Amino acid sequence: MAQPRFQESDSIDVVSQHTSPGQRLHGPSPGRATNASGGGLGDDGILAVEEKAGPAVPYNPDDPKRQMDEMRHIGTLDRKLKSRHVQFLALSGAIGTGLFVGSGQALSLAGPLSAFICYAVTGFNLYCVINSLGEMAAWLPIPGAVPIFAARYVDPALGFTLGWNYWYQFAIGVPIEVTVSVVILSYWDHVVPQAALVTIFFLPMVIINCFPVRIYGEAEFVFGAIKLTTIIGLIILMFLISVGASPTGERIGFKYWNDPGPMNEYPGKDGALGRFLAFFKVFIQATFSYGGSEMVVVASGETENPRRNIPKAIRRVFWRILIFYVVAIFLVGLCTSSRDPKLLNAIDRSAAGAAQSPFVIAIDNAGIQTLPHIINGVVLSSAWSAGNSFFYASTRVLYAAALDGKAPRLLRFERFGVPYACVAATSALGTLCYLSVSESAAEVFFWISNLSAVSTLVVWASVCVTYLRFHYALRHHGVPRESLPYRAPGQPFLAYFSVVFCLTIALFNGFDAFFHGNFSAKTFVPPYINIPIFLSLFFGYKIFKRTKFVKLEEMDIWSGKAEIDRLEPLWPVVKPRNWLERIWFWIA
């Protein structure tokens, strides 16, 4: 067996005997702090690359410079997110407007069977991604996680690219969701000036993210509880409507699967080819619906007892995907025709809020009153909650990039466990939501928002490539999988599947731009603009910094781990005392 270049014992444990689990966590000693290529922290605090890693330098806790470098490497954010926060954070990321509203577009385009299969397959892909991320995050739970993992295990250039790409993907979601919230509110109100509504939705996001992370956790806990209650209620209601337990008394069953049919044809294309193209197009919509589900891993650096709570949240992902998405899509496909005039008209005129929701249309067709207004309220809270989550995630990813020397040093500034410089950066980009106020700027905003169209797929593929390197590095260093804090099932095959799936959808999702007479900037640029941006960032940084692909024998998989290992037994483990607590502990 190959001898490991880095031994776990080489990591310098910097936690004093007086450290408690609630205190701020620091990383490995600067004597061993390394980047992906085995580099150390230079005098300016930026990670530098060194050809060979020397022996560990003894850590002197009385050396203020060493302590400063330590904080620069791993950060000083507080671990204040409890298990229930993490569970509902994962739930909030998985359930949003993509399910409540976006599913209507998927249903109308491809039909109920195609939509069901696409959401199931894409859900499996998410399961592959989240398990890959979860295994790395349980091994080393740090703020932001993704760009630092990529820099350590693949190439510093990939860490740089993912850091900025991930930040943009989340940060641009803030103005998008604020705009969506304003549109949803127009379902009821057309009196309040749009600029005022934008401010009403945007300002609270900034304020919440200026408070310690537990405030954000409590907010997402509340919104997650609303979403959970709503989707469970909708699933039960869709089942009752399908079997005829509604005011109309009509037993729908598989009526709409027979007429107009289970699979629709893509506009302008007939037969099997048309059905396949419509089916394929829904994959991109399904991916966007699932986007943000990995938020729980982004928060791993601020989670209490991460070795327990992160794997717990990851294991719940399978059931959330199966129940809240796949079952919900199947049932709403039974209750709503893909050719329902209300659905098609709402999509054609970009109707506000719940008007495009197939759930609301099914409820309305069943003769149930008032509920559409309640669902619209839930959709509104979901949109705002999604924007708030994107705001939080973008600040943590940017903070991680700054710690790793892939973003300006100013962005490392934090107080009270809040990275205020990163909050300011995301707030600046978030002001793009005011573009939606002007009709003349609407098209500009359309182009800006579509820059993130394929970002999710590219990031997910990169995450799985990073995991594959991590997986083989563990094998190379002789680390048995049985010793891992969280051992993802089916690896490395799940990661390979996800890489192929994500790249296939990303490369071919804009196929309709190549139809005869359909090629234009509007049809070609949105599906593909993110790919050249990603490649430009990667190769630009690689050429400018002259980075090298990280070899297995040079890969640093240890720095920062000793601290988590020592703190792990200090976190209290609460056991359920009765069956009610057992159910609650399963949920949260």
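We count from 1, first residue shown onward.
Glycine too: its Cβ is placed from the backbone N, Cα and C atoms.
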113-130, 527-544 - the range that TrEMBL marks as transmembrane segment: 527-544
Interface check, the transmembrane segment (166-188) with the transmembrane segment (416-438), three or more C-beta pairs under 8 A: yes
Chain residues in Cβ proximity to the transmembrane segment (317-334) (below 8 Å; excluding those fewer than six residues from its ends, i.e. six or more beyond): 90-91, 94-95, 99, 103, 106-107, 111-113, 115-116, 119-120, 123-124, 126-127, 130-131, 231, 234-235, 238-239, 242, 252-254, 256-257, 289-290, 293, 358-359, 362
Distant-in-sequence neighbours of the transmembrane segment (221-245), which means Cβ under 8 A and at least six residues beyond its ends: 84-85, 87-89, 91-92, 95-96, 99, 251-253, 323-324, 327-328, 331-332, 334-335, 359, 362-363, 366, 375, 378, 381-382, 384-385, 388
